Amino acid sequence: MSHRVSDYSGEMDTDINRVASSRRHSDNLPYVHKVGVPPKPNLLKEITETIKETFFHDDPLRHFKDQSKTKKLLLGIQAVFPILDWGRSYNFTKFKGDLIAGLTIASLCIPQDIGYAKLANLDPKYGLYSSFVPPLVYAFMGSSRDIAIGPVAVVSLLLGSMLQAEFDPVKQKLEYQRLAFTATFFAGITQFILGFFRLGFLIDFLSHAAIVGFMAGAAITISLQQLKGLLGIKKFTKETDIVSVMKSVFAAAHHGWNWQTIVIGVSFLAFLLVAKFIGKKNKKYFWVPAIAPMISIILSTFFVFIFHAEKDGVQIVRHIDRGINPPSLKQIYFSGENLTKGFKIGAISGLIALTEAAAIGRTFAALKDYQLDGNKEMVALGTMNIVGSMTSCYVATGSFSRSAVNYMAGCHTAVSNIIMSCVVLLTLELITPLFKYTPNAILASIIISAVIGLIDIDAMKLLYKIDKFDFVACMGAFFGVVFDSVEIGLLIAVAISFAKILLQVTRPRIAVLGKIPRTTVYRNIQQYPEATRVPGILIVRVDSAIYFSNSNYMRDRILRWLIDEDEMLKETNQQRIQYLIVEMSPVTDMDTSGIHSLEDLFKSLQKREVQLVLANPGPLVNDKLHASGFPDMIGEDNIFLTVADAVMTFAPKLEP
């Protein structure tokens, strides 16, 4: 615990005696630097700088300065299509790495695409379509070297659950597909607008803790949904919550489960998990979990075809149309009530897809130490989904599993996405009929093995250790998804993230400071118990900007501290508080409500015969204080550069 110094002993005694002596001998007065008064700001300049820092902090136009018109045009084209920039230095060595990576992720993406399409309640071909056109568009416009584009489990589940709330995917198949394309179009529009108008900071409102919980909950929900295919159940609930799913599973236990399907599903799930474990234990064998899904598809399809297991109730894919993506522009709803539905579903799906892609892109950019322009990424992702919606694709984004394989396979550029697209093209043109006998159980196994990695137990443990509120946000999102729906889980995640922001803004931390022994440094007495308080002086620090939302709390909290301190001093017959020093270096900004609260605090302190003193206000805060005339109210001599200067000045004036 901190201890109070009841007399001027030790170092403090020396400091104060020196000051007292200096007052007797004016030649030796200590130098106290005055707080600088900033010049009057230009309103237009202030607004311009604020907008620049908000939207253009990375100065995206710096490359265009002092360039000719031709050079500016070339740089502008390269900004839209980064491939024209890095493509000039492309060579055969890089191509070899990209070729291997592209072939590797293609072997992983084809089985996943078929399964993820079913997760979105779409025909398997739409999953393959979404790994053909969008990666090609991204390769030309994206700035990440490592991200692998295609459908992902979480977005597929979210899209499927929201779409089927509007249309039945079986009875209203055409309307369902049209709404899926409409949602994809507006997902792309949302992403494009966020990037074009440099509004990418908006997705940061979804905290890391909320994303961890949401992803884990989605992984559980996705896995539970796969029990239909894994157990061979024909009649299954359309709800996604764990209670409804488990009721549906156990209701079909006596007559709806198919033992051949269970054998196929569980056997290959075990194989996939073992392959994943091998790849995780030894990075050299990263290709093992990458090719395991394709091996599973080939073997299971072969067994079903040889033994005609479909006649024994094993559900199979049956038919995938051969050929590349047909145009779908005319199927998009551009009017009517379905336009509104598509916009709502698309905006939500687009934001989630954007959040996942941004996290993946930043992760691998940090590993390879290169810069990623988030706004350009959003424009690229938005464009590829807009084009995708017109070519029979549904929402695509960066896939973490494929991107990890892409990275470990030694990719150098986005050419690996082009290689993957070419393999998908060949699959669509030549191989799709071979998937006819692929059992649904194997697709369920592939999806389960893929989404297990979304459950990050270590991250949850770390959240619990570091910040309990973050852990609550994580668990809120997790249980919302698992026990209700993906949309409710997402809503809870956003709500808790905003609640945390509001709590931090409305209830800023205010600390009592003490002097660190043998220094002139003043720090939080809770962090430094050895710090000593100065008799007759209460020093507090406000660790936040002071706005209308927290100004009253700040004033009341400081006054309550002063009252408690005075009561304690009376009980122990110690010197009363005569000076209140507010350390303002962490206060980055202040509005009129904040200034009014300081004025109210000053008036309340006057009644108690306590002098208000400010230490180290920043330039913006100082400017606003002078504009309001507050320094004239408390006196210019009561604003100091440091807490130490204030203590050195007022300690000798304290009444005994």
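Glycine residues also receive a Cβ, built from the backbone N, Cα and C atoms like all the rest.
What TrEMBL says about a protein is an automatic prediction, not a curated fact.
Residues or ranges marked as domain 'STAS' by TrEMBL: 527-650. In the predicted model, residues of the domain 'STAS' (527-650) average a pLDDT of 91.
Positions annotated as transmembrane segment by TrEMBL: 147-167 (among others).
Remote same-chain partners of the transmembrane segment (179-199), defined as residues 6 or more beyond its termini with a Cβ less than 8 Å from a stretch Cβ, comprise 55-56, 120, 122, 126, 159, 162-163, 166-167, 328, 331-333, 338-339, 341-343, 345-347, 349-351, 353-354, 374-390, 392-395. Here TrEMBL flags 179-199 (among others) as transmembrane segment.
Residues or ranges marked as transmembrane segment by TrEMBL: 205-224 (among others).
Look at TrEMBL and you will find 259-278 (among others) tagged as transmembrane segment.
According to TrEMBL, the transmembrane segment annotation covers 285-307 (among others).
Residues or ranges marked as transmembrane segment by TrEMBL: 379-401 (among others).
The transmembrane segment feature in TrEMBL is assigned to 407-428 (among others). Within its own chain, the transmembrane segment (407-428) is flanked in space by residues 83, 86, 90, 94-95, 97-106, 109-110, 113, 125, 128-129, 131-133, 135-136, 138-139, 142, 144-150, 283, 286-287, 290, 322-324, 364, 367, which lie at least six positions past its ends and keep a Cβ under 8 Å from the stretch.
Within its own chain, the transmembrane segment (440-457) has Cβ neighbours under 8 Å at 111-112, 114-116, 118-119, 153-154, 212, 215-216, 218-220, 222-223, 226-230, 232, 261-262, 264-266, 268-269, 272-273, 276, 293, 296-297, 300-301, 314-317, 400-401, counting only residues six or more beyond its boundaries. Under the heading transmembrane segment, TrEMBL lists 440-457 (among others).
Look at TrEMBL and you will find 477-499 (among others) tagged as transmembrane segment.
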Quiz item: Under a criterion of three or more Cβ pairs within a distance under 8 Å and sequence separation of at least 6, are the transmembrane segment (379-401) and the transmembrane segment (147-167) in contact?
Solution: yes
Exercise. Would you confirm whether the transmembrane segment (147-167) and the transmembrane segment (477-499) meet the contact rule of 3 or more C-beta pairs below 8 angstroms, pairs 6 or more apart in sequence?
Key: yes
Quiz prompt | Long-range neighbours of the transmembrane segment (259-278), counting only residues six or more past its ends (CB under 8 A) | solution = 229-232, 285, 288-289, 292-293, 296, 299-300, 303-304, 309, 312-315, 439-442, 444-446, 448-449, 452-453
Quiz item: Taking DSSP states H, G and I as helix and E and B as strand, how many residues of the domain 'STAS' (527-650) are helix, strand and coil?
Solution: 63 helix, 22 strand, 39 coil
